[in-house]
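Novice: Take this structure, written in structure tokens, and hold onto it; I'll ask about it next.
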Amino acid sequence: MFASIHSSPILFPNGIFSSAGGWSPLDTDRYQWLQVDLGSRKQVVSIVTQGRYSSSDWTSKYRLLYSDTQKNWRPYLQDGNIWTFEGNVNSEGVVRHELQHAILARYIRFIPLDWSREGRIGVRLELYGCSYWADVISFDGQGVISYRFRSKKMKIVKDVISLKFRTTARDGVLLHGEGQQGDYISLELRRARLQLSINLGSNQYGSIQGHTSVISGSLLDDDHWHSVVIERYRRNVNFTLDHHTQQFRTNGEFDHLDLDYEISFGGLPVSAKPSSGGRENFVGCMEGITYNGDNITNLVRRKKVDTSSFRNLTFSCTESNSSPVFFNSTSFLRLPGQSDSDTLSVSLSFRTWNPNGLLMFTALADGWVEVGLTEGKVTVYMNVTQRKNTRIDISSGSGLNDGQWHSVHLNALENYAMLTVDGDEASTVRTAIPIQIQTGGTYYFGGYFMHTNTRSSQRSFQGCMQMIHIDDHLVDLRAVEQGHIGTFENVSLDMCAIIDRCVPNHCEHTGRCSQTWDTFSCNCSGTGYTGATCHTSMYQQSCEEYKHQGKNSGSYWIDPDGSGSIAPFRVNCDMTEDNVWTTLKNNLSPQTSVTSADQEGKAVLQITYNVTDEQVLSVTGSAESCEQYVAYACRMSRLLNTPDGVPFTWWVGRANERHSYWGGSGPGIQKCSCGIEHNCTDPKHYCNCDADLKEDAGLLVYKDHLPVRQVVVGDTSRAGSEAKVTIGPLKCLGDRNYWNAASFTSPASYLHFPSFRGETSTDISFYFKTSSTHGVFLENLGTTDFLHIELRGSVILFSFDVGSERVELSVRSPVPLNNDQWHRVEAEKNIKEAVLQLNGQYREFRPSPPQGHTRLEFYSELYVGASSGQRGFLGCMRALKINGATFDLEERAKVTPGVNPGCQGHCSSYGMHCRNGGKCVEQYNGYSCDCSLTAYDGPYCTDDVGGYFETGTLVRYDFLPEVGPFALREVNSLSGVSVPSEANLTQEELVFSFSTSSTPSILVYISSRTQDYLAVVLRHNGTLQVRYSLGGLIEPYTIDVDHRNMANGQPHSVNITRNLREIRLQLDHYPVSTYTLPETSDTQFNLVKSIFLGKVFETGQIDPIIIERYNTPGFVGCLSRVQFNSVAPLKAALRSGLSTPVSTHGILVPSNCGASPLTISPMASASDPWHIEAAGAVFPFNEDKASDGGVDRNSAIIGGIISMVIFTVLCIMVFVIRHMFRHKGSYHTNEAKGAESADCADAAIIVNDPAFTETIDESKKEWFI
């Protein structure tokens, strides 16, 4: 600690130290400040504040300014903003702030912004830091420091150069070194920006260009100290300016910097080449100059280096004469001038980012004069009221709101006015004045807030001014500050707090940054990205994602890493099949002739894809597999030679690796497809072209080698040689990242990943599906920063910290989010805004707080799921991506208890247990069977739904009337059950079971609004009859099953299926019988109206035979499993919870009718990965239920004995057969399965290894010998 202020009677500017302890100014307003003189330049690293002792006085918010000279104050900046520190909330609490960047200065000013509402401004403060000393050298634009090397030539592989500089000039060379071979290094100011240029060497033909140039910083002519560090190792360079580091790699292929004789600081040396001329030397101060370990400033003080070019070498920094003034939107400066003068002369320099603003206003004796910025131009408006409001407008310059200093000089005298911008006399604008002006004597700068009728229409100026002259006299701003002349409002004197919000550029992906004084904006057009900072990709990550948005095959832009560094690129998406193929085309035409061999007899074909290696890798890396078709058509042009010989032709793939296998083969197998399959034209060769015949073609499928970038053909020099090469497009299947998923089966389960360093822009996206209403998706806890995404009912919540402020966004879904359907969450925070989006539709936006946008540093692990005892997410999550990087949920889930890789649940493995058309539904802890569209119930849709019909009982199911032109439609009822409407059918399926002992009766009758119908009846003798009446026939078409009595009290099943004229009928377990409707019969069942079970009660015309023969007294017995297409009328009648158009007359008693239930083998919990006994998970399978209705214990014993006998007989038969055929030379082998169908060991490996494209390594060639 080197400064402490508690209590003292010493006077400070604008305040005193109270005897009660601490500082409190006499006036409590926003113009108070406390200045601390540290005696010399010190490095301040932290500040501690406390309220005034035993009082109600404290400071709750404040800023810090610092300076070396008590002039040209600089505000403390953090994250690109003038930083506001959070102070105290009472008089005794201590608040400490560690400065993100140390302050190097002699004077510190404490500026209160907000204070105690109960008292006044008050503070006790302590500053912590350490001493600082450095040699300072003043440069006058003439002197140059020449540091000569110990040897004439230096060949340097590593450089470390550092210095600090301070200047008011916007151009000048800070250092320069060069060599005779063209190498050079140069650091110079250009328009107040720092440019580093390096060339490690270019060859004499110009094919290798080594010039590299990087620009950093802005507004560096602010007369404040700036630090520079250049670190180079070979071609890798770190360029740091004021704590902001740019990392880059120099162009060319050389690693050494070859310099001759010397390196100079402050300008170009006398020995510099003429081509290096034309650049200004540096004017200002430097300190702490070091070059590769040598302290140059110390050597200068000791006179160890050449300083002969200096006229007057000084080791102190000359104070600038300029004194800037800082204006905000409510500022003005009022200054006096000559009154009643016929000459008006005003000049000033300004810098701003705003295109509009008032620079100066003065009232004349008759009229007024206004100087302002309009759309980046300086404009002058003169209004002379003597001549009926004569208005004179002149303007000059353009783009003057670029943040640079610009000078303006307005001179009006006699009968003309002149406007000069930036001292360019040649561009001075002149205009005539109709009368002689007469000055009013008062000048307003920056704004005009007086209540007069001549109020300016210009908006206030935001920016800095200096060198203000009135009547050719420089205004003494020190006298203004002390109140001797003029007055001001909200003006900061001796300070220019301009900030370049576009440096560093927060617009990502080459977005163009523009700014005003308060904010910046990004133009993202042409970048492929969108959002406030061009962070969010406009395109989907893959063809797979386009397909699941309902897109068709075509050409699309994809961006596999989203907001990452890989730019979007165009591909072809083939979505015509179940699989999705991504295709990258190349420039090689099919059947390209091979010509122009080099001196070695090699012809080289280059293949380009219009995508970078990174873009190709982003596709192949996430694909399930890739392939590329290659073909070599030949005549007298051999391809691969022998498997052990030197190949004539090879191809070069990814990473410039050379490969000598061809299509249809694999790494390490120097054969063609015909050699693998043993069908080459000449069996002595392994390629057709090696016998100078035909063509060799096939697919290359080892994706780590693809794509083919070059083909080298070596046998084209013989007489009559001819070769044609075809390289097809690269095709890749699927996107594993899109389906990379994990299932969370317990509220306490989670995945954890190593902590990541966030950026000022952070984006998170993922898909989820769940049947739970609450849970934490992910969370990252840092020491100061926090990030959290959570599901709360129908709301997605996204919260994070920015500095000391917590920001929370929420999006509400109009539909439940626990509907076990996929939903997508996208969250982004950047320096401008925070955005939360659900399913690409529902969105909340919130501007980000102005402070606290440091790069997020999370020191804990990233938790996906539960953390710190909270309720975790239950369900499936996939495609988790943060800042463009996909998190591998599947791999981490494999080693994490309570989380399963993938999101298939059991439907892929155990979905067959959902019987009778039941649909398997994924759940986070298993699966269930949806039986809503079947005639069955139960956990696996195997429980019969049946009813016992007494005399006169009937069930009627009505289809909804047709409501549109389409024949087939479904309308959702209030219960969510879909109710089919009337339809015109060309095919239908009717399935049911029954048992009865009474005849005759109607089993099922299906009516229509026409005379069409379908009836299944039992005749008097107990035989079954099916009656079809579809129109076109005089009598209904009937199918009589005469060979057996079905009214025998036993359960029987009936399945009737019609497709146009073909009718298929199956009874019980007997073979299917096929019947055909007559040609004169119609094939359309028109406007199906109702389904009747047991009896018909219908208005309108009905077949009299149905009524007279079968409808009375009605069906008595059991009906079950009744289903007509997707309608289960009996189930609807027996399930009161279903809101369907079904009615029942008479007594209907639920019964399974004695039908044999369908059973499945029970699954033991030990083999069931979803069985979680501890968690109390409800699983649809129940072993007790599965055994209901099964056979008894004695039957099981008898069945087991029969099985053992059959097994014994089979074993004896196998032994006899093997003994009979042993003379045929059968033998055992350990080859891979499928070798028996392959022609050779190579083919067996390729055919049988499903992961061939993933596992083959060229270094393991012994696999293929």
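Residue numbers in this text run from 1 along the chain shown.
Every residue gets a Cβ built from N, Cα and C, even glycine.
Any TrEMBL annotation is an automated prediction that lacks curation.
What you see is a predicted model, and the numbers here were worked out from it, not measured in a lab.
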Novice: With reference to TrEMBL, specify which of the listed residues C876, C929, C931 is paired with C903 by a disulfide.
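Specialist: So the cysteine that TrEMBL bonds to C903 would be C876.
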Novice: Counting by DSSP, what is the helix, strand and coil composition of the domain 'Fibrinogen C-terminal' (534-586)?
Specialist: 5 helix, 18 strand, 30 coil
Novice: Could you pull out which residues elsewhere in the chain have a CB under 8 Å from any CB of the domain 'EGF-like' (498-535), counting only those six or more residues past its ends?
Specialist: 77, 80-82, 193, 216-219, 222, 244, 326, 351-355, 403, 462-464, 557, 559, 563, 567-568, 760-761, 763, 828, 830-833, 835
Novice: May I ask you to check whether the domain 'Laminin G' (136-317) and the domain 'Laminin G' (740-903) make contact, with contact taken as at least three Cβ pairs under 8 Å and only pairs 6 or more apart in sequence counted?
Specialist: no
Novice: Taking the domain 'Laminin G' (322-496) as the reference, which of 1-130, 740-903, 964-1153 gives the largest number of Cβ pairs under 8 angstroms?
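Specialist: Top-ranked stretch among 1-130, 740-903, 964-1153: 1-130.
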Novice: For the domain 'F5/8 type C' (1-130), what does DSSP give as the number of helix, strand and coil residues?
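Specialist: Per-class counts: 0 helix, 75 strand, 55 coil.
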Novice: Inside 10 Å of the Cβ of C903 (disulfide bond), count up the other Cβ atoms and send me the figure.
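Specialist: 24, counting other Cβ atoms within 10 Å of C903 (disulfide bond).
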